[in-house]
Amino acid sequence: MKNYKRADTHIWAGRTSEDQLYLHEKVTFLDLENDELIENQNTAFAILGYACDEGVRRNSGRVGAALAPDAIRKMMASLSNHLDKSVQIVDIGNIICNKNDLEYTQSYTSNKIAQILKYKYFTIVLGGGHDLAYAHYNGIKEYLPNSSIGIINLDAHFDLRKIESNGNSGTPFYQISKENDRFKYLCLGIQEESNNQELFKTAHQLGVKYIKSTDFNIQNRNYIFTVLDNFIDQVDNVYLTIDMDGFSSAFAPGVSAPSPFGFSIDIALAVIEQICKSGKLVSSDIVELNPEYDLDNCTARLAARLAYYIMKFISSE
Ligand SMILES: N=CN[C@@H](CCC(=O)O)C(=O)O
Ligand SMILES: [Mn+2]
Ligand SMILES: [Mn+2]
């Protein structure tokens, strides 16, 4: 069975216009296994789905995140398009996890991400569980073997659980730390009550920088930007990963582990803009949306808008 499914063009539907007024009218399609990728001259975004919740299942979470990539695309389709005419958006389809083989799915994902980055696309990967981060980081590393890659994670959780027999959605950054001498990790929105004392100890031992959700708000903008800018200054490139469960469950109920005390959209968007405008961001993802628990698609709508604003901020950098 294949690990790849080309994009479903019918998902990208909505009002039509003569002048690409809506995002779905701007999207083109590429089959990662049959079509040739062409190196881009202008800004181009590749949308890749990671339709996998095996890591969530292994981490005793509520499965359903495998349905998220298409749920996010559906909500992106009807958004108004204010991107420059020269900007391209290519939907590259979904990666699928067969027979619970998370390890193979992750290595396949890393290869595909490296391939996409080599053709100068800015990749936005739609998860899937946060086990995507292990694959995504390795894909960036394959593309940029000699660069120091800083990871910025907007999340309620460190995801630094120690790996026992195999990885899951709670272990990706621990796995990365074990396999890389230079581990640079900034975690924004950490919730004390959702990370046990051992996880805080691991974070300290690994030199992880973090801001707790109680401090991650717009009133603290100056402090947050100082931490963020210092972190970005110390690395060559940035990988941004956004876990939807970091948002307050008032904004993002559709996740495996909801966060009543999560952060708000205003600070998340301000931080995302700052990261995009740093000129160091190479690739990004949005993970852990679970459409099974969503309410009127509000978490999917939020994820879709985050993807839109990443494209907007990067292309107007
Ligand atoms: N992806 C990470 N997940 C969290 C799950 C927390 C929970 O289920 O309450 C973690 O492992 O810490
Ligand atoms: Mn996470
Ligand atoms: Mn999380």
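Backbone N, Cα and C define each Cβ position, glycine as well.
Please treat TrEMBL annotations as automatic predictions, because they have not gone through curation.
Listed features, source TrEMBL:
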type	residues	note
BINDING	His130, Asp155, Asp159, Asp243	Mn(2+) 1 binding site
BINDING	Asp155, His157, Asp243, Asp245	Mn(2+) 2 binding site
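Close to the recorded Mn(2+) 2 site, the chain also has His130, Asn153, Leu154, Ala156, Asp159, Gly189, Met244, Gly246, Ala257, Ser259, Val287, Glu288: residues not among Asp155, His157, Asp243, Asp245 whose Cβ is within 8 Å of the site's Cβ mean position. For the pair Asp155 (Mn(2+) 1 binding site) and Asp245 (Mn(2+) 2 binding site), the C-alpha distance works out to 6 angstrom.
Here His157 (Mn(2+) 2 binding site) is positioned 10 angstrom away from His130 (Mn(2+) 1 binding site), judged by their C-alpha atoms. The Cβ of His130 (Mn(2+) 1 binding site) has 31 neighbouring Cβ atoms from other residues within 10 Å, across all protein chains displayed. Highlighted in sequence order, Ala133, Asn153, Ala156, His157, Phe158, Ser169, Pro172, Phe173, Thr241, Asp245, Gly246, Val287, Glu288 have their Cβ within 8 Å of the centre of the Cβ atoms of His130, Asp155, Asp159, Asp243, the residues recorded for Mn(2+) 1, and are not part of that set. The Cβ of His157 (Mn(2+) 2 binding site) has His130, Gly170, Ile190, Gln191, Ser194, Asn195, Leu199, Asp243, Asp245, Ala257 as same-chain neighbours under 8 Å, each 6 or more residues away in sequence. The Cβ of Asp159 (Mn(2+) 1 binding site) has His130, Ala133, Asn153, Ser169, Gly170, Thr171, Pro172, Phe173, Tyr174, Asp243 as same-chain neighbours under 8 Å, each 6 or more residues away in sequence. Screening the binding-site residues Asp155, Asp243, Asp245 for a C-beta under 6 A from any atom of ligand 1 leaves none. Summarising the environment of Asp245 (Mn(2+) 2 binding site), the number of other Cβ atoms within 10 Å of its Cβ, over all protein chains shown, is 28.
If you draw a 10 Å sphere around the CB of Asp243 (Mn(2+) 1 binding site), it holds 29 other CB atoms from the protein chains shown.
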